[in-house]
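Features as listed in TrEMBL:
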type	residues	note
REGION	1-30	region 'Disordered'
COMPBIAS	1-10	compositional bias 'Polar residues'
COMPBIAS	16-28	compositional bias 'Low complexity'
TRANSMEM	48-78	transmembrane segment
DOMAIN	69-351	domain 'G-protein coupled receptors family 1 profile'
TRANSMEM	90-110	transmembrane segment
TRANSMEM	130-150	transmembrane segment
TRANSMEM	171-192	transmembrane segment
TRANSMEM	212-234	transmembrane segment
TRANSMEM	296-315	transmembrane segment
TRANSMEM	335-354	transmembrane segment
Amino acid sequence: MEVSSLSSATPGMAFSSEPESCSDSPSSNRGVGSTPGGFLLPGREPHFSIFTVLVVTLLVLLIAATFLWNLLVLVTILRVRTFHRVPHNLVASTAVSDVLVAALVMPLSLVSELSAGRRWQLGRSLCHVWISFDVLCCTASIWNVAAIALDRYWTITRHLQYTLRTRRRASALMIGVTWALSALIALAPLLFGWGEAYDARLQRCQVSQEPSYAVFSTCGAFYLPLAVVLFVYWKIYKAAKFRFGRRRRAVVPLSATTQAKEVPEEAEMVFTARCRATVTFQTSGDSWREQKEKRAAMMVGILIGVFVLCWIPFFLAELISPLCACSLPPIWKSIFLWLGYSNSFFNPLIYTAFNKNYNNAFKSLFTKQR
């Protein structure tokens, strides 16, 4: 995603043979007369090394896998009736945003990476459409992760008050706010004249470089949802530590003919009935609800961890570069950008890995009904 430079004719792929130093000169970032990695020199034909071909192949596979996996999740949710409820509408919203990232954003970013001098040759209108979808879909994907984290937090800490009806209303509200906020951030330059995405002279297509918009977009698209998910996971961790840090002890009314003996170290109850037979019950294991909540807490933790690792390098660079008036080497810009895009591939893998219903539904899609 490009927010301050968020799809900016994607900043130089990881093919760079000569890294670009941080400089205040505006021309140091143009790369005119060379490929994103410096392979096309004036007066020479394009040359692609084996490493370049391998990287491009890897990115093509990433795009295809991201699109197909998220599409599979959407088809599963639509076809399986048990998924037509919370929290699967939040998962569906995330899958929609990630499918759009793979279908509309990543391919054009790859084309831009491979163009000579990172020039945009598809016109001003398509440039605005591309940039708008880039910011819209990536921001929505990020906020959907925050919405899933909030939903899991309320499920764990308020499972009595957070009923199915309440969850439906809350999830619908979160989905509406997510896409409305994403649209506002994406369309603000077009609606309010907040900078220009297309530079006809340099043939460059990038998100508005207006400093005020850069701060607004990066904060709204990443730093605010980052604060939300970190706070939520901290609360989930505290709740899980409180709930699972001690073994639950069953309280069972005993009759006059029943004796109870507690084994403190094993945290289990042994009941001996004075009758013809002696029966022992052990309740040391976690309940079904506790196991479900543990899986939910683990899923949220992994989802947030991958989200942070994928996006924080890109957004740190996007926020720091305008403040220091310098440019990051193109190779690192490309690595950070595609690392952020890869989050759309990891999202469905994570939240389906912790739900056996998805695995069964996936199998049923490819198994002939007898």
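Quick reminder: no glycine exception, Cβ is built from N, Cα and C everywhere.
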Tertiary contacts of the transmembrane segment (48-78), as residues 6+ beyond its ends and Cβ separation under 8 Å: 13-15, 37, 39, 84, 88, 91-92, 95-96, 98-99, 101-103, 106-107, 110, 114, 338, 341-342, 344-345, 347-349, 352, 358, 361-362, 365
Same-chain residue ranges lying at least 6 outside the transmembrane segment (90-110) that approach it to Cβ under 8 Å: 1, 7, 10, 56, 59-60, 62-64, 66-67, 70-71, 73-74, 77, 122, 130, 133-134, 136-138, 140-141, 144-145, 147-148, 151, 171, 174-175, 178-179, 337-338, 341, 344-345, 347-348, 351
Contact between the transmembrane segment (335-354) and the transmembrane segment (171-192) (3 or more Cβ pairs under 8 Å, separation 6+): no
Range from 130-150, 171-192, 212-234 with most C-beta pairs under 8 A to the transmembrane segment (296-315): 212-234
Arithmetic mean of per-residue pLDDT over the domain 'G-protein coupled receptors family 1 profile' (69-351): 80
Chain residues in Cβ proximity to the transmembrane segment (212-234) (below 8 Å; excluding those fewer than six residues from its ends, i.e. six or more beyond): 1, 3-4, 6, 135, 138-139, 142-143, 145-146, 149-150, 153, 181-182, 184-185, 188-189, 194-195, 300-301, 304, 307-308, 311-312, 315, 318-319, 322
Surrounding residues of the transmembrane segment (130-150) on its own chain - C-beta under 8 Å, 6+ positions past either end: 1-3, 6-7, 87, 90-91, 93-94, 97-98, 100-101, 104-105, 108-109, 122, 171, 174-175, 177-179, 181-183, 185-187, 190, 197, 205-207, 217, 220-222, 225, 228-229, 232-233, 236, 300, 303-304, 307, 311, 340-341, 343-344, 347, 351
Cβ contacts under 8 Å made by the transmembrane segment (171-192) with residues that lie 6+ beyond its boundaries: 3, 86-87, 89-90, 93, 128, 131-137, 139-140, 143-144, 147, 150-151, 207-208, 210, 213, 216-217, 220-221
